[in-house]
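Asker: Before anything else, here's the structure in question.
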Amino acid sequence: MLKREMNIADYDAELWQAMEQEKVRQEEHIELIASENYTSPRVMQAQGSQLTNKYAEGYPGKRYYGGCEYVDIVEQLAIDRAKELFGADYANVQPHSGSQANFAVYTALLEPGDTVLGMNLAHGGHLTHGSPVNFSGKLYNIVPYGIDASGHIDYADLEKQAKEHKPKMIIGGFSAYSGVVDWAKMREIADSIGAYLFVDMAHVAGLVAAGVYPNPVPHAHVVTTTTHKTLAGPRGGLILAKGGSEELYKKLNSAVFPGGQGGPLMHVIAGKAVALKEAMEPEFKTYQQQVAKNAKAMVEVFLERGYKVVSGGTDNHLFLVDLVDKNLTGKEADAALGRANITVNKNSVPNDPKSPFVTSGIRVGTPAITRRGFKEAEAKELAGWMCDVLDSINDEAVIERIKGKVLDICARYPVYA
């Protein structure tokens, strides 16, 4: 018989120890990976609920199993909130991840071998936008577009490529681009050749929800996002659309289930519903505004200290530090900062001479530090510490000194108070 008092700590000490160590790591390390964030205890409560027990293949009101009357309410809440938050008239909250949401869009709109225009991974794109190691690069004919010498999307080249290759779909969106995308311009280019415009806004969804970054939903045929990252919800995916046909929406639904997934994760969908409600609160807008301010503050320090920032700045939550001129690799920088309890990720920079496993840059994002309560002053102080480490990358005394400062500020700004 199952009892409420059953717990992991008393049953599986080895697993519990790893879980507790991760909790301590999160509290004692500064998180600057742009795709990571801290979700609320309400979201975690939803994910640890009895909803995890329920199979619910299908969609609200059209399930293949009985006993779905309450999970139907949960999923419909998530759908309605997603539509309201992003100004959409269609939402599918079932994708288990952003990549699976993207897979569903490809499946719904394309046939294998169709031509797709996607942002070059080396210029800030994502694996699912056409990388040869991903399903998107294996199943479709990918034509990459990129950024110009200033570090911004080269719309003239994008338009030229579109007219030359006549893709069936153009992908907007990124995993490491710090500028503002002109969604209207991308739709104009797509319309000029009769292509779909598909936008993956996974990185900026929270900023979009708060009105800090332009909303692609009115411009794109289909939009996907993750529900974590800047949106600060559970790990999962979401598909949105506005002004499309019922036929398109049916195709998208069918591409998710049964096309790519079986039963939805109802406990995660409940977490999405909570996070979407949280994103409608006034404090969420204030939070996202601070995310952008903190990113700009950090860039300012890196530039003052003589570091090159791709595109010269940032208009969202992330930026790339180009270490080529410093004769450092991203791998070295990542490791040294990690020893100081500062977590970043190595990242390729435009025209990177190093392999993706080594790279010549680091990607820095501010959603997680802002969630802890950091403002511009703390963000600038942190950027200065990072420069200290990078300036003395082989000096363990410097790294230990910065680690002490990190532990102190983490204690003052806990993740969960």
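Note that Cβ sites are derived from N, Cα and C of the backbone, with glycine treated the same way.
Here's the feature list from Swiss-Prot:
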{"type": "MOD_RES", "residues": "LYS54", "note": "N6-acetyllysine"}
{"type": "BINDING", "residues": "LEU121, GLY125, HIS126, LEU127, SER355, PRO356, PHE357", "note": "(6S)-5,6,7,8-tetrahydrofolate binding site"}
{"type": "SITE", "residues": "HIS228", "note": "site 'Plays an important role in substrate specificity'"}
{"type": "MOD_RES", "residues": "LYS229", "note": "N6-(pyridoxal phosphate)lysine"}
{"type": "MOD_RES", "residues": "LYS250", "note": "N6-acetyllysine"}
{"type": "MOD_RES", "residues": "LYS285", "note": "N6-acetyllysine"}
{"type": "MOD_RES", "residues": "LYS354", "note": "N6-acetyllysine"}
{"type": "MOD_RES", "residues": "LYS375", "note": "N6-acetyllysine"}
Asker: Look at each of the modified residues, LYS54, LYS375, and point out the one with the fewest other Cβ atoms around it within 10 Å.
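Answerer: Sparsest of the modified residues LYS54, LYS375 by Cβ contacts within 10 Å: LYS375.
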Asker: What whole-number value in Å do you get for the largest C-alpha pair distance within LEU121, GLY125, HIS126, LEU127, SER355, PRO356, PHE357, the residues recorded as binding (6S)-5,6,7,8-tetrahydrofolate?
Answerer: 16
Asker: State which of the following recorded positions has the fewest other Cβ atoms within 10 Å around its Cβ: HIS126, HIS228, LYS229, LYS250, LYS285.
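Answerer: LYS250, out of the recorded positions HIS126, HIS228, LYS229, LYS250, LYS285, has the fewest neighbouring Cβ atoms within 10 Å.
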Asker: Whose Cβ, among the binding-site residues LEU121, LEU127, has more other Cβ atoms within 10 Å than any of the rest?
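Answerer: Sorting the candidates by Cβ neighbours within 10 Å, the top entry is LEU121.
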Asker: Rounded to the nearest Å, what's the C-alpha distance separating HIS228 (site 'Plays an important role in substrate specificity') and PRO356 ((6S)-5,6,7,8-tetrahydrofolate binding site)? Just drop the number here, would you?
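Answerer: Per the Cα atoms, HIS228 (site 'Plays an important role in substrate specificity') and PRO356 ((6S)-5,6,7,8-tetrahydrofolate binding site) stand 24 Å apart.
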Asker: Going by C-alpha distance, which of the recorded positions LEU127, LYS285, PHE357 is nearest to LYS375 (N6-acetyllysine)?
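Answerer: Going through LEU127, LYS285, PHE357 one by one, the Cα closest to that of LYS375 (N6-acetyllysine) is LYS285.
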Asker: Please report the Cα separation of LYS285 (N6-acetyllysine) and the residue listed as 'N6-(pyridoxal phosphate)lysine' in Å, rounded to an integer.
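Answerer: With the alpha carbons as reference points, the distance is 15 Å.
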Asker: Could you check which of the modified residues LYS54, LYS229, LYS250 is the closest Cα neighbour of SER355 ((6S)-5,6,7,8-tetrahydrofolate binding site)?
Answerer: LYS229
Asker: In whole Å, note down how far the CA of the residue listed as 'N6-(pyridoxal phosphate)lysine' lies from the CA of PHE357 ((6S)-5,6,7,8-tetrahydrofolate binding site).
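Answerer: PHE357 ((6S)-5,6,7,8-tetrahydrofolate binding site) and the residue listed as 'N6-(pyridoxal phosphate)lysine' have their Cα atoms 23 Å apart.
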Asker: With every protein chain in view, what's the tally of Cβ atoms within 10 Å of the Cβ of PHE357 ((6S)-5,6,7,8-tetrahydrofolate binding site), excluding that atom itself?
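Answerer: A count of 10.
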Asker: Name the residue among the binding-site residues GLY125, PRO356 whose Cβ has the smallest number of other Cβ atoms within 10 Å.
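Answerer: Looking at the binding-site residues GLY125, PRO356, the Cβ with the fewest others within 10 Å is that of PRO356.
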Asker: Give the sequence-ordered list of residues that share a chain with LYS354 (N6-acetyllysine), lie 6 or more positions from it, and have CB atoms under 8 Å from its CB.
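Answerer: The answer is THR329, GLY330, SER348, SER360.
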Asker: Measuring Cα to Cα, how many angstrom lie between HIS126 ((6S)-5,6,7,8-tetrahydrofolate binding site) and the residue listed as 'N6-(pyridoxal phosphate)lysine'?
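Answerer: That comes out at 14 Å between the alpha carbons.
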